[in-house]
Amino acid sequence: MIRGVRGTLVAKRSGEVLVDVQGVTFRVQTSATTLQELGEPGDLVSLVTHLIVREDELALYGFATEAELELFLSLLAVSGVGPRGALNLLSLAAPDRLTEWIRGERIEELARAPGIGKKTASRIVLELRGRLPALTEVQAGEPIDQELVAALQALGYTAQEARQAATHPEVRRAPSLEERIVAALRQLAPP
């Protein structure tokens, strides 16, 4: 329903951010990983989101990357894992590391998340081990083009926006820095 939020970061708190989108302020629950990716209040931020509708509330969950959102949705599909537990897991480590832990059946690592015991961690491994999508090159730890990120930041984009654009496949394929900048600007341009 609400697939993304792009606006001015109003406040960062433990587990949530407030984002002003043209006069409407959204409270978006996030993982610690996403909180670290976001800038400071006043910066323009962009989050991919998932809206959960309950009888008594609407809860918006936001993530810095599509990979983090996909892993969040996969974790929600596991019996006994709710949104809070999924966020706690995503706060432990980056999505690629969590995926490695699940595939490697590292139950002790998963059980370190608040609210996730060994029994739930075992269930996560059992249900997701073979279902998680393959990691992309960037998720697997390929370095981000820091020169491109710095150039985009010099043009006024936030660190988060610059990193997201730098990881786009079209941008990564461009041979020279100038061509990567042009490709990144195409990705960052409003639709």
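The backbone N, Cα and C atoms fix where each Cβ goes, and this holds for glycine too.
What Swiss-Prot says about this one:
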type	residues	note
REGION	1-64	region 'Domain I'
REGION	65-136	region 'Domain II'
REGION	136-139	region 'Flexible linker'
REGION	140-191	region 'Domain III'
Integer mean pLDDT for the region 'Domain I' (1-64): 92
Helix, strand and coil totals (DSSP H, G, I; E, B; other) for the region 'Domain III' (140-191): 34 helix, 0 strand, 18 coil
Secondary structure tally of the region 'Domain I' (1-64) (DSSP, helix then strand then coil): 6 helix, 38 strand, 20 coil
